[in-house]
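First comes the structure, then the notes that go with it.
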Amino acid sequence: MPRPIIIQFVSRTVKEEVWKLSREARVCKEKKIIFKKYFSKEDREAREKLWPRVDEARRRGKKAFLKEGYAIIDGKKCSMSVLFTSLNVRGLKNLTKRKALFLFCKELKANLIFLQETHSSTADEKFWKQQWGDNVLYSHGTNYSAGVMILCNRLTGKVISHIGDKDGHWLIAAIEICDQTIIVLSIYGYNNKVNNRSMLEKLGRLVNEWKAVHMTDKVVMGGDFNIAPNSWLDRLPPRGQQPENNEVLHNFCIETNTFDYWRLNNPTNLEYTWISASNRNQRSRLDYWLISHSISNNVQKCEITASPLTDHCLISLSLLVTKQPRSSGNIWKLNNRLLSNDFFFANK
C-alpha cells in the first residue's frame with residue numbers, strides 16, 4: 001500500500017528542478033513514484049479563486065499559470081481581489097430580519113462584511129455563527145443599541161488577532177491575506193460629539209500601536225461613523241455658511257495616515273448613505289471607508305448602493321492583494337570540517 005512522504009526543500013531552485021525531472025524520470029515511472037506539490041490552506045483557496053482567470057487567459061491564447069497564492073498571465077503578476085462591505089443593520093435580534101440580511105450579505109460574495117448596530121450579546125454568538133456558516137467576530141452592545149460584527153465569508157487568509165470595544169462601538173482585527181497583514185476596523189460612531197471625539201482619539205492611538213506590533217502600514221477602516229465629513233458636500237440640506245471639513249475626523253485621518261477614498265475619487269458628487277425616515281429630504285453621508293495611502297493604488301472599486309431592511313446604504317470596497325514571492329536564494333551553510341582544518345586557519 002503506497003504511503004505519502006513529505007519532503008521539505010531548503011532551496012526553491014532545487015525543488016523546482018526535482019519537480020521538473022520527476023515527470024520524465026524512468027525510475028519514477030517504473031516504481032510509480034508521483035511527486036505532488038503541497039500548498040497551504042491559504043494558497044489552495046487563492047489558487048481556487050484565481051484559476052478561472054488563468055483558464056480564461058489560456059483560452060485566449062495567453063501564457064498563464066498558477067504560482068503559490070498568485071497567478072502569472074503574460075509575464076504579469078495577477079493579484080487576488082478581496083471585497084469589503086459595510087452596513088448599519090439597525091438591529092439583528094429579529095430572526096426573520098437576521099436571516100434575510102445574512103442571505104443578502106452572502107449574495108454580495110464579499111469576503112469581509114462590517115456590520116453596525118447589531119444589538120448582539122454573548123448569548124447570541126454560537127447560534128448566529130451557525131446561521132452565518134463561517135467565522136464571526138463580535139463586539140457586543142446592548143439588546144437595543146450599538147454592537148458591531150465582522151463576518152468572514154470564504155476569506156483566503158486568517159485572523160491573527162482581534163479585540164472589541166466593551167460598549168460595542170468598534171472592533172479591530174489583524175488579517176493575514178497572501179502573506180500580507182492588513183489592520184481592519186469596523187466602527188459605529190456615537191451620536192454625541194464629545195463621545196465621538198474621545199473614541200476616535202483612542203482609536204487613533206490604538207491603530208498606530210497595532211501597525212507597529214504587526215509591522216504593517218496597511219489599514220482599512222469602515223462603518224457608520226455618525227460624522228458627515230463635509231458640512232455641505234455630505235449633508236442635505238447643507239449646514240453652515242460655508243463648507244467645512246469635520247475637525248475630529250480630519251485629525252483622526254492625520255493620526256492614522258488614512259483618507260476618505262470615495263470622496264477623493266468623487267470630489268463633487270452628492271451621494272448619501274443615510275436617509276431620514278421622517279423627512280426624506282434630510283440625508284447624510286455617514287458611512288465610508290478610510291484607508292492607508294499605501295494601498296490606494298490597489299483599490300478596484302468603491303461604491304455606495306441600496307440595501308434592504310435598514311435606512312442606511314451599503315458601502316463596498318474591492319482591494320487587490322498580491323502574494324509576496326518568497327526569496328528563491330540558496331541558503332549558505334558552513335562546512336563544519338573546516339573548523340578542524342589547520343590549513344584553513346593558517347590561511348584565513
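Every residue gets a Cβ built from N, Cα and C, even glycine.
Nobody curates TrEMBL annotations by hand; they come from automatic prediction.
Note that this is a predicted model, so its numbers are computed, not measured.
Straight from TrEMBL, the features:
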ACT_SITE  Tyr188  active site
ACT_SITE  Asp224  active site, proton donor/acceptor
ACT_SITE  His312  active site, proton acceptor
BINDING   Asn88, Glu117, Asp224, Asn226, Asp311, His312  Mg(2+) binding site
DOMAIN    86-312  domain 'Endonuclease/exonuclease/phosphatase'
SITE      Asn226  site 'Transition state stabilizer'
SITE      Asp287  site 'Important for catalytic activity'
SITE      His312  site 'Interaction with DNA substrate'
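Here the features listed in TrEMBL are placed on the structure.
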residue : record                                  : Cβ within 10 Å
Asn88   : Mg(2+) binding site                     : 26
Glu117  : Mg(2+) binding site                     : 23
Tyr188  : active site                             : 27
Asp224  : active site, proton donor/acceptor      : 26
Asn226  : Mg(2+) binding site                     : 21
Asp287  : site 'Important for catalytic activity' : 26
Asp311  : Mg(2+) binding site                     : 12
His312  : active site, proton acceptor            : 21
Hey, how far is the residue listed as 'active site' from Asp311 (Mg(2+) binding site), Cα to Cα, in Å?
15
Looking only at C-alpha atoms, tell me how far the residue listed as 'active site, proton acceptor' is from Asn88 (Mg(2+) binding site), rounded to the nearest Å.
6
Additional residues around Mg(2+), ordered along the sequence, whose Cβ is within 8 Å of the centroid of Asn88, Glu117, Asp224, Asn226, Asp311, His312:
Leu87, Val89, Arg90, Gln116, Tyr188, Thr273, Trp274, Leu286, Asp287, Thr310
Rounded inter-Cα distance in Å - Asp311 (Mg(2+) binding site), the residue listed as 'active site, proton donor/acceptor'
12
Rounded to the nearest angstrom, how far is the Cα of Asp224 (active site, proton donor/acceptor) from the Cα of Asp287 (site 'Important for catalytic activity')?
4
Measure from the CA atom of Asp224 (active site, proton donor/acceptor) to the CA atom of Asn88 (Mg(2+) binding site) and give the result in Å, rounded to a whole number.
6
